[in-house]
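*Asks:* Take this structure first; my questions come after.
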Amino acid sequence: SVGFKAGVKDYKLTYYTPDNQTKDTDILAAFRVTPQPGVPPEEAGAAVAAESSTGTWTTVWTDGLTSLDRYKGRCYHIEPVAGEENQFIAYVAYPLDLFEEGSVTNMFTSIVGNVFGFKALRALRLEDLRIPNAYVKTFQGPPHGIQVERDKLNKYGRPLLGCTIKPKLGLSAKNYGRAVYECLRGGLDFTKDDENVNSQPFMRWRDRFLFCAEALYKAQAETGEIKGHYLNATAGTCEEMIKRAVFARELGVPIVMHDYITGGFTANTSLAHYCRDNGLLLHIHRAMHAVIDRQKNHGMHFRVLAKALRLSGGDHIHSGTVVGKLEGEREITLGFVDLLRDDFVEKDRSRGIYFTQDWVSLPGVLPVASGGIHVWHMPALTEIFGDDSVLQFGGGTLGHPWGNAPGAVANRVALEACVQARNEGRDLASEGNQIIREASKWSPELAAACEVWKE
């Protein structure tokens, strides 16, 4: 017959291929699908595969001008979620040719761009992505990575310490720089701009950059250690963001910062390239992540956003604490912490890792634990996160009854005590409080901190 068969047909006839072998070059996705009542899971899974690749709602004449078999996404496996009725994990494979090289933006536009408002689905959540080696290799990744950062800072064998300067809005640049200096002088490695400190009427970015640079040079001279302050370069336009990064480089500071979700992946990748070319470290804040990842059955899991960041580029990223004020289940958090740091991560469903991921030597990202943590948490944090991490105590430094510098001293003493105890073979989980108590005998600053935050 001439022409083609017009009309609407079930997605599952074309896009559900349970016997399909996935290719090493495919991007694999695991979706948590909650179909509308009466919609079979195969149809729901196939609908996701279709709408995020080559499909549209009806057969079109131009389908005949391309090879659907070559380009279509395929739903290749569906399994029910234990303990949930009418919830399924649908696995979808996308041919690599559907994606632009080196563009996290395009990857997300394709995979999660359109399908989340789909009528046949009550809810949809992207749980994990397997990025194939061939695609990983089209990204620069983190500007420097864990090892290069340690070499630049000359700090080895322990987690790094940070502190977010509070109150986050309202300080003048001069007083802001003063707070930075006190913290760094006391023994922290880094201080941090809050995510919403950009360039507001009470403190313009240039003034802040200048006073913070002065503070860290002064602290460096006093302590003989390299210091950094995450200068937030996030701005309303990409051009302005790069302008701020250029100014930071001209001041000779070691690190800048970006809010990668509100700033966008395109801006973030540009900044990451600039940072590698100019020797700046890049600290990443995940402001707005909970809008996307908080719901258990809809949106995107943070591990996907973390993987995307490693491709786009960043040297540090906030990743929850496991112990402080923000929620995070321990095993799941450790799962994506490994995805950020390690070169090769095995599939492990108990840790939320749906696919084995090989990063083919893309540099690692340091996870940043931050939010409601203080000196009593130090043993647990040292044990959970290990050496390759940044521990950030905002209120846990600035809330010290004697001020910022003593607060910084308390944190540094607690950290060094925990690292030493661990290296001597002591068990941080069971002896943690004991270790902190012993250390506080020799440090009045730590003793005062222990008193304020005792549980």
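For all residues, glycine too, the Cβ spot is worked out from N, Cα and C.
I grabbed these lines from Swiss-Prot:
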- LYS166: active site, proton acceptor (ACT_SITE)
- HIS285: active site, proton acceptor (ACT_SITE)
- ASN114, THR164, LYS168, ARG286, HIS318, SER370: substrate binding site (BINDING)
- LYS192, ASP194, GLU195: Mg(2+) binding site (BINDING)
- LYS5: N6,N6,N6-trimethyllysine (MOD_RES)
- LYS192: N6-carboxylysine (MOD_RES)
- LYS325: site 'Transition state stabilizer' (SITE)
*Asks:* Among ASN114, THR164, all listed as binding-site residues, which has the most CB atoms within 10 Å of its CB?
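*Replies:* Result of the Cβ crowding comparison: THR164.
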*Asks:* Counting across all protein chains present, how many other Cβ atoms fall within 10 Å of the Cβ of LYS166 (active site, proton acceptor)?
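*Replies:* There are 15 such Cβ atoms around LYS166 (active site, proton acceptor).
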*Asks:* Judged by the number of other CB atoms within 10 angstroms, which among LYS5, LYS192 is the least packed of the recorded positions?
*Replies:* LYS5
*Asks:* Looking at the recorded positions LYS166, LYS192, ASP194, HIS285, which has the shortest Cα distance to ASN114 (substrate binding site)?
*Replies:* HIS285
*Asks:* For the recorded Mg(2+) site, enumerate neighbouring residues of the same chain (Cβ within 8 Å of the Cβ centroid of LYS192, ASP194, GLU195, site residues themselves excluded), in sequence order.
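*Replies:* Those within range, site residues removed, are THR164, ILE165, LYS168, ASP193, ASN196, VAL197, TYR230, ASN232, MET257, HIS285.
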*Asks:* Quick check on the recorded positions: of LYS168, HIS285, ARG286, whose CB has the lowest count of neighbouring CB atoms inside 10 Å?
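*Replies:* Sparsest of the recorded positions LYS168, HIS285, ARG286 by Cβ contacts within 10 Å: LYS168.
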*Asks:* Given the recorded positions ASP194, HIS285, SER370, which lie within 10 A of LYS166 (active site, proton acceptor) by CA-CA distance?
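*Replies:* The recorded positions passing the 10 Å Cα test are ASP194.
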*Asks:* How many whole Å apart are the CA atoms of GLU195 (Mg(2+) binding site) and LYS5 (N6,N6,N6-trimethyllysine)?
*Replies:* 54
